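The domain 'Major facilitator superfamily (MFS) profile' annotation in TrEMBL covers 26-478. According to TrEMBL, the transmembrane segment annotation covers 81-100, 112-130, 136-157, 169-189, 201-220, 285-310, 322-343, 350-374, 386-412, 424-444, 456-475.
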Amino acid sequence: MTGGGALAVGSEGGGGGAITFTVVMSCLTAASGGLLLGYDISVTGGLMQMESFLQAFFPEILRKTNNAQQDAYCIFRNQELTMFVSSLYLAAILSSLVSGHLTRTVGRRNSMLIGGFLFLAGVVLNFTAVNLSMLVIGRILLGLAVGFTSLSAPVYLAEIAPTRWRGAFTSCFHFFFNLGMLMADLANYGTNTIPRWGWRLSLGVGLVPAAVIIVGAALIPDTPNSLVLRGRLDEARASLRRIRGAAADTEAELESIARAVEQDRRHASGAFRRLFCRREYRPHLVIAVATPVFFDLTGMIVVSIFTPLLFYTVGFTNQKAILGSIITDVVSLASIAVAGLAVDRYGRRSLLMLGSAVLILSQVAMAWVFGARLGTDGGKSMPRGYAAAVVALVCVYTAGFGVSWGPLKWVVTTEIFPLEVRPAALGLGGAISGVLVFVQSQSFLEMLCSFKYATFLFYAGWVVVMVASVAAFLPETRGVPIEAMGAVWERHWYWNRFVTPAPASAPAKISDGPV
């Protein structure tokens, strides 16, 4: 089998207990870390076409919006605006590089707390901003917060969730990510018409997700994996009993965690070096790099950031453009809920393939509508029916992403790596994702201005590459205990040559093989 189907692995370890009240509340709290990233991304798109915000910080763009002769594709082409958007992602890159070590040394829960307090500081600075410098510094603090919580929260979810429902619980992070986007769009919709200070209210709403993650993280236990890793065995046992319930065989799971930690301690340092240099970690390195690359090259992140601008480009008013974003947010939440119900039944690979097909079709259709009805110079006005078709296609595109790459990026990357390289692999993936979002947020408005409708074909081409890569190289991890994940690599048609121990009769010297 090309990609590896669902693997039957024993239930030893991995959290086979029942779904308890503690595990539900803990997972919901950790998943709320997604609120921070979702709010950050979506509030930006609404602000960039809000008259009170543009008047305060970007009056040149406001003049362009009132110019009937302006190329519709190029209205928001402005380097200072691009810096405001992308500064968050540059900071997220830096925090991702250290968040793996921080999460390992202080714990998953405490790392979420640190992210929450950084986010709170960034929101306060943005809310009180009187110039562009204050806005950018606030965005940098928000980016540092996002870097910490985007690693620690999904890892917390994967380690605490019962094996049978790990995909559903981990996908909650992306559900809350989109809930944060909906919260920001609703705030933008309500404040868009408030003159002069409406933008402050939109930014101030960020206090809500900051409070949720700070208060929630202060009340939940840390994961048993993290506690054992830090030598706190008694606390790990108590945490596991609280999470799994009194009837669960927690000692068996604790022993499984302890064995994984012992394996980790044999490699007490140099996780990045092992990931890059050791042959047996070659599959993990490829997945750590490819997953964030593919996730970001679906184009969904930049579409999420700039959805109101896309709708404004095709002729909607400011208020209707934000309303269009709210509609897509609701569609996204519904599709993620479907993914949460389906991921542990049908597997990760099936949903990725299905969602990718939807992404390709919708992006090609959007390119046709933009090219045929808006033109190559942005000088045409788009008929009302075709503008509505753009909204419908963005909704279809959002649904395809919501059942596939959206939630499954977090599911796959938090469960597939062994403990000894998990923080390093996730930190690497976070840094790569930050770089890509930074580059795309810097270049998307320029691409839209230069490539016109072909921007959507660019991303559709990447999704075709993703489909082939998933079919050939991504193993299925449905139903596999997180501490027994090595079995999926050993049975994969290609990766087994890297991770399966060589036979006793094999030559002593083994080459590293191809990269």
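Each residue, glycine too, has its Cβ placed from N, Cα and C.
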Intrachain residues whose Cβ lies under 8 Å of the transmembrane segment (112-130), provided they are six or more past its termini: 30, 33, 36, 102, 106, 137-142, 144-149, 152-153, 156, 200, 203-204, 206-207, 209-211, 213-214, 217-218
Quick tally over 136-157, 201-220, 424-444, 456-475 of CB pairs under 8 Å to the transmembrane segment (169-189) gives the top stretch as 201-220
Does the transmembrane segment (350-374) come near the transmembrane segment (136-157), with 3+ Cβ pairs under 8 Å (pairs 6 or more apart)? no
Against the transmembrane segment (81-100), which of these stretches has the most C-beta pairs under 8 Å: 201-220, 322-343, 386-412, 424-444, 456-475? 424-444
Could you name the stretch, out of 322-343, 386-412, 424-444, 456-475, with the greatest number of CB pairs under 8 A to the transmembrane segment (136-157)? 424-444
Same-chain residues at least 6 beyond the ends of the transmembrane segment (386-412) whose Cβ lies under 8 Å from its Cβ atoms: 154, 157-158, 166-167, 170-171, 173-175, 177-178, 287, 291-292, 294-295, 298, 300, 303, 307, 310-311, 314-316, 324, 327-328, 331-336, 338-340, 342-343, 348, 351-359, 361-363, 365-366, 369-370, 373, 466, 474, 477
Spatial neighbours of the transmembrane segment (424-444) not adjacent in sequence (6+ beyond its ends, CB under 8 Å) are 82, 85-86, 89-90, 92-93, 96-101, 143, 147, 150-151, 154-155, 271-272, 274-275, 284-285, 287-289, 291-293, 295-297, 301-302, 305-306, 413-414, 417, 455
Under an 8 Å Cβ to Cβ limit, what residues of the same chain, 6 or more beyond the ends of the transmembrane segment (322-343), are close to it? 42, 45-46, 167-168, 171-172, 174-175, 178-179, 181-182, 185-186, 188-189, 192, 307-308, 311, 316, 351, 391, 394-395, 398-404, 406-408, 411, 478
Restricting to the domain 'Major facilitator superfamily (MFS) profile' (26-478), what is the model's mean pLDDT? 85
